[in-house]
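In what follows, a structure is listed as structure tokens, so that the remarks can point back to it.
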């Protein structure tokens, strides 16, 4: 038996376990660029519209978010600018979650140790995870190339963008592989890997927005996507950088693998106190201990994201320019009372969806505790099922409110500072973001209902959220019917501050969430544990 024995079996097992999530990643990330390319001629039909777009795209505040614009006069150049950076971030998240799910998470649950008792090589688990993540990254890039070329874009530019995104995924596969060896728990390793993605995004943002710091973009794999210049005089040699870096990172991960025990990391966790603190003697206190790290991290990230989007708000008029179609798109997403207010209203939907990701994550923490066999010992005490579930769902309900407040504060503060009107803009934007909370609660309630009735299908929560995301973000761009838009609860939220406030849809959404939560509690009380 060699160190790779059993790799093929683990790859098949990983693909079976990810038979829902990986196709979702591939389809969404693979087809998004082509869908935008198809809408370019409708959004910017005239030469003057494209000239205005080019002016707005070169705004340093806009470059922080979207990256440097090389050629916005063509559909391909617009697609690469509009989505290149975001595709790099999201494929990094896909790679991180995939690697962790099949390495560190398997060790956390003890499944890898059980498998290792059979015929399994020491490096089989890591190799399988790298192959699945790397293969998914390459497949996403291939789908992008075929979809964009099929929509009429240049084959050379399509290849440059697809290859750049795929190579970025390979880099973050290596980052996650190293984190899985260094840290003992999957949550820590996931958090560190995501923090690396955030730091590299900020490096790219600094380089793209500051002429004196352009070198910073060369330090980021996310920046290498745009530096390869898809659809703008392609520089394929830049793509050698992520390929070499990915190879080095994976090699380091395999060198670290034999230096630790199964289930342990190179960095040992801090020993806990000999006795539990007095405040850690209730289900809510335990839930706070489990949720506080992610909640704090999410809150800080949302505050920063809000600040970035708020800084861009003053330049949104340049981006829209004289394009009536683009103005209509923003109005469909965010209301019709002024382009900046429409932009802030559109941001509200994006913020709500982001808070929905946290809400689902916090809700499914209950399933993780149950799967890890940590729930039964608690229920063997005087703790009831309802009390335990309520302690976790409190964070699925209150956590999104905190996140929406943080992102609203960041957006309102930076936008208010730029127009010298903080006192007015902060409460206006806060109201627009907090109005998304009822829709987020519906999403959390749906995840809780799956946990309460069909715990083995809780992963469908992510599929439902993905559908809502696609409808909310791309429905207005693709000009789908209102009936399709209404499928998403986020489409029913008043598009503040551009639209008039109406409480009726918010009350309906809140009522639906309450009813669904009640069904979740009832189902959880009656089903078997495990």
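Backbone N, Cα and C define each Cβ position, glycine as well.
Curation plays no part in TrEMBL annotations; they are all automatic predictions.
It is 189-207, from the ranges 189-207, 208-226, that TrEMBL records as transmembrane segment.
Outside the transmembrane segment (124-147) by six or more residues, the chain places 3-7, 10-11, 13-15, 18, 22, 25-27, 29-31, 33-34, 87, 91, 94-95, 98-99, 101-103, 106, 112, 115, 155, 158-159, 161-170, 173-174, 176-177, 180-181, 250, 253-254, 257 with a CB less than 8 A from a CB of the stretch. Between the transmembrane segment (189-207) and the transmembrane segment (80-103), three or more CB pairs separated by 6 or more residues in sequence fall under 8 Å, so the two stretches touch.
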